[in-house]
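Presented below is the structure to which this report refers.
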Amino acid sequence: MGLLECCARCLVGAPFASLVATGLCFFGVALFCGCGHEALTGTEKLIETYFSKNYQDYEYLINVIHAFQYVIYGTASFFFLYGALLLAEGFYTTGAVRQIFGDYKTTICGKGLSATVTGGQKGRGSRGQHQAHSLERVCHCLGKWLGHPDKFVGITYALTVVWLLVFACSAVPVYIYFNTWTTCQSIAFPSKTSASIGSLCADARMYGVLPWNAFPGKVCGSNLLSICKTAEFQMTFHLFIAAFVGAAATLVSLLTFMIAATYNFAVLKLMGRGTKF
């Protein structure tokens, strides 16, 4: 069997939905975590520079920002690991379905992988046999866990609900920055509003970013317009938008994972039909 035919047979059983969802998950998490981390840093600098001169006013905010940044590190690590596990589950379940119902045949690729895991031909040294045995045990344990798609359905469902809340929360800073940017546009083009320029303000206290006793806590008029024109404000605003898009992409990937895992579970346990997920 040629290499091309071998690859073609392997692709027949590839879980394409899981492959797409994994790529989307990695992209979304990287975008959300990377841009979100830098956007929080930019917000901290903007608050320190323009909205409050007293460190005690924004000390709690800085602690919250730093805590969120540490959570971002953990989120990135978890999702990259869990995405890889879900992809492995997709391959495992697809192979199981096709083996059970005769749609998936063992190829030279599978035989070669099996030989690699089990140590190959005789004549290997004891060190090579020990390494192969250890790898075989790891694969066996992983295979036993991957053999329960219902677990992945439950975990992914719970994770999707949690991430839905994260997605909603990621829209809050976008809303705040958009309101500030809209106010700046009204200041830049006074003909669009009947209010005086001096009364148009961005109040960080109104959104709970700063306590009500913070001074000045808000910026108005031409001072606010000058802030909106800074590269720091523009960059932070766009970073929050990118983080929001990343959260949306991650949510879509989780929904795709959940649908694929649920469908595979139903096929294996109830329907008895093959699937390409």
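FYI, residue positions are counted from 1 along the chain as it appears here.
The backbone N, Cα and C atoms fix where each Cβ goes, and this holds for glycine too.
When the candidates CYS141, CYS169, CYS184 are compared with Swiss-Prot, only one is recorded as disulfide-bonded to CYS228, and it is CYS184. The membrane topology recorded in Swiss-Prot places GLU48 on the same side as ILE187. Between the CA atoms of SER199 (O-palmitoyl serine) and CYS220 (disulfide bond) there is a gap of 7 Å.
In sequence order, THR180, TRP181, CYS184, GLN234 are the residues of the chain that are 6 or more apart from CYS228 (disulfide bond) and have a CB within less than 8 Å of its CB. Within the model, the topological domain 'Cytoplasmic' (261-277) carries an average pLDDT of 63. DSSP assigns CYS220 (disulfide bond) to a strand in the three-state reduction. Every protein chain considered, the tally of other Cβ atoms within 10 Å of the Cβ of CYS184 (disulfide bond) stands at 19. Non-local neighbourhood of CYS220 (disulfide bond): GLY198, SER199, LEU200, CYS201, ALA202, each in the same chain, at least six residues away, with C-beta under 8 Å from its C-beta.
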